Structures are given as C-alpha cells and as structure tokens.
C-alpha cells in the first residue's frame, strides 16, 4: 500500500501518470492507489500539466514552421512558399453571367427618316449605323430642315457628330431659320463639338434669317466658354442683328454678367445703337429703371408686405 504525504497532496506533485501519460491500463509504480479518487487540488494540477503540454507542442510547431534567412536560397524558398500560398487562395475570375446587359442589336427592318432623326437626338448609334449602311442620306431633314447633325450638335453627342461628318454630312447645312450646326452647338453649350465644327471649316460668322450670329446665340444662352472661343476664332464682336443688337446688347438684356465682362474685356463697343437708338449702357439703365419701377409699384401691396 502506498502512502502519500500531505505536502504531495497539496502541491499535486504526484498525479495520475496512468491517466496523463500511459493511458493503457498499465499500473504506474508510485502513482495513485487503485480506487483512489482525485480531489480538487489534484484536478487543478492535472489541468496545469495539460495546458503546459499544449503550449509546448504549439511552440514546437511554430519553430518548425519558421524559415531561416541565412542565405539567398532561404529567401528564394520563402518567396516561392508565399507565392504558392497566394495561388491557393486566389479567387478565380468570374465568368460573365448570362443575364449581363444585352448589346444593342442592329434592327432588321429598314430605318426610316423619322426614326433616323430621333436616333440622332437620343444617341442611338445602332440605328444610325443601320440607316447609313442601307444607303440613307446623312443630310436628310424634316419639314423644318433639321438634320441629324443639327440634333447631334444640340444634344452634345460628339462621337455621333464625328460619325455623321465621316459619312458625308454637310457642315454648313441650314435649317428653316438658316441656322447651321454651329448655331445648334452654341445653343446647347457644347464647346467640344463647337471646336470640332470650326476645325472642320465651319463659318464662325454665319448669319441666320434675323442676322444673328453664333456669338449672339452663345450670349443669349449664357454659354461664356463658347462665347470666348468664338471670339478667339475670329467672331465679329460688334456684329448686329436685324434689331441692331450686338452681343453686348444681348448680354445686358439677359443679365449675363460674366458674358458682359468677357465682351468688354475683348473690346466690345459701348456706343453701338440698335434700331431703338439704345446703346448697351442705355439698355442697362432702362432695365434697372424697369426693375425699380416694378419694385416701387408693389410697395405697400398686401401680397408683398412682410
């Protein structure tokens, strides 16, 4: 019969080696007596040994997995190992799904004039290509003499403009008001298309039926970038329409301060009179007087009283 001292019970030095190490039913000399039940202290000691053993095994695994970089070969091995690891975890590229956006299909039916002009306004190049491939006239127009090039310039479809010009669209084609595509580009405020047309040889000082120039149109619409480019390309800054108005008259009338400053900067004349014998300065005074009269007329009105 084995005897266990009080110190051994307290310190837990003698543990059940049969349970911890052998595990095969072989009696361990000096172990716990048969039929002996483990107490709380012995159970704690047993758990400590388990934790220490697990930590030791983890440390061994970590040390065995480390690479020493003593020479160039070790570095190459490390690089190859990392590369293989990335390849294992690399996500393969997704194949295009069958539900992806369908490509625009070329219509089988012939494209009529109305559909052709509408396609130019809506930038539907497939319809344009079909119309031109079937021998359609790129200069075809509606009852107001508006062509596909007019619409493309107004809406800002630069690629379509290039395609129509390459197909033979006339750059000086005029609508019912004698306005060329340059007018329409200025109306839409599309500087890139305006540059394309002028570089192609379009007239910068063309006049419509009321003698307005592209400069007048750019000022009326407030597109100062188009205005400045027209001036730099040789636009007549003091050109007058049928009413005798210059671009400066229009800038004052519409209250476009930036356009007014640009015109004055480039040398627009202040003393040019229109048909009503008004200079831009007088027009500004009348405009201010009209605003003042409108305000004074509503002083004390119940609807405008604070």
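In case you wondered, yes, glycine gets a Cβ from its N, Cα and C as well.
Annotation comment: Swiss-Prot describes 41-90 as coiled coil.
The compositional bias 'Basic residues' feature in Swiss-Prot is assigned to 80-91.
What Swiss-Prot records for 78-107 is region 'Disordered'.
The annotation region 'Interaction with TTN' is assigned in Swiss-Prot to 179-196. With a cut-off of 8 Å between Cβ atoms, the residues of this chain six or more beyond the region 'Interaction with TTN' (179-196) that come close are 147, 149-156, 158, 161-162, 165, 171-173, 202-204, 206, 208, 214-215, 217-218, 221, 223, 225-226, 229-230.
What Swiss-Prot lists as repeat 'ANK 1' is 144-173. For the repeat 'ANK 1' (144-173), the list of distant contacts is 116-117, 119-123, 125, 128, 132, 138, 179-182, 184-185, 187-188, 190, 192-193, 196-197, 200-203, 206: same-chain residues at least six beyond its ends, Cβ to Cβ under 8 Å.
Sequence annotations record features per position, and here Swiss-Prot assigns repeat 'ANK 2' to 177-206.
Under the heading repeat 'ANK 3', Swiss-Prot lists 210-239. Long-range Cβ contacts of the repeat 'ANK 3' (210-239) within its own chain (Cβ-Cβ under 8 Å, at least 6 residues beyond either end) map to 177, 182-183, 185-187, 189-191, 194-195, 198, 204, 245-248, 250-251, 254, 256, 258-259, 262-263, 266-269, 272.
Assigned with DSSP, the residues of the region 'Interaction with TTN' (179-196) fall into helix, strand and coil as follows: 14 helix, 0 strand, 4 coil.
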